[in-house]
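Lifted from TrEMBL, the feature list:
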TRANSMEM  20-36  transmembrane segment
TRANSMEM  66-86  transmembrane segment
TRANSMEM  106-127  transmembrane segment
TRANSMEM  133-150  transmembrane segment
TRANSMEM  170-194  transmembrane segment
TRANSMEM  200-221  transmembrane segment
TRANSMEM  228-247  transmembrane segment
TRANSMEM  267-290  transmembrane segment
TRANSMEM  310-333  transmembrane segment
């Protein structure tokens, strides 16, 4: 195709629309995994292929059913990654494949989803172990993306020469709101999830989170760092949210958890919370997938008219890792026991993963704050040693 005859605006719009189509496909696959887990054994007849699904098809539903759907989703998006990671220009064949050929990709998706249901359970268990690692990588990339967004937000609202007073007022108000929300979150968690000294584990989690907030604020306000309160306030709210989410993932305990015990009945709040959780999975995958710039070493590259709007290969790689991530959430990071109906990311394993995620997030953010100072200190030392 002659690049001179290409309508760049139309091609760019196609690529932008394509990413929303992929997100919808990912959302539908998430719903499919939930349906296979909770209702597949009662709706579908027992599969005849007993080598893969076992007696009565048990190995194709519940936990293994989720892993099979996840594997199919991973296969599809990994194939898309392999066929698009070299795309750089809108007129290239890889770009056309990413933004079009939907009928062919529908059959590719269908084949990818069907094949895992003919794989023996032993290989599915191996994939489950690999999916744990892939989900961890996904969480790490998501953290970096969130922290880069916080840094961009802080830079956007930081005072400048033209709008110094307005920027200061907005930054001060926003940081006050985020810190207020963080403090209210800490107090609420103490009240609801640590009502008595016997709840020592929750008290430790909440207290450690409060200490992380103080450390991040002090470092951010240090004269050598001088990043202000806005970025640390946003990060404080995010860390508090991760702590709250981890405690909410703990099994229901009357002593340390005010949640209603699971009695097998599901009201509209349970269903709504479940759907919101699935939406959050899709949004986290989508937002990280289009944020390839946060992972580039040179972020000042000038984009030309015929350059792709976002990195297609990175986008599909994140979605393939997201397939592993949603599998771990649906089975609560446990490859042995099946999760209860309408539940997602509940159990001690899930709580532990979220707490580690919180601590890693605080560590990465703190390093982002002090790394420029450390680099500057090394440069000064090198210059002094080089002087005669």
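Every residue, even glycine, has its Cβ placed from backbone N, Cα and C.
Predicted automatically and left uncurated, TrEMBL annotations should be read as such.
Keep in mind it's a predicted model, so treat the numbers as computed, not measured.
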Okay, the transmembrane segment (228-247) and the transmembrane segment (267-290): do they have at least three CB pairs under 8 Å, pairs separated by 6 or more?
-> no
The transmembrane segment (228-247) in contact with the transmembrane segment (20-36), cutoff 8 A, at least 3 CB pairs, sep 6+ | no
Please figure out which one of 20-36, 106-127, 200-221 racks up the most CB pairs under 8 Å against the transmembrane segment (310-333).
-> 20-36
Listed stretches 66-86, 106-127, 170-194, 200-221 vs the transmembrane segment (20-36), most Cβ pairs under 8 Å: range 66-86
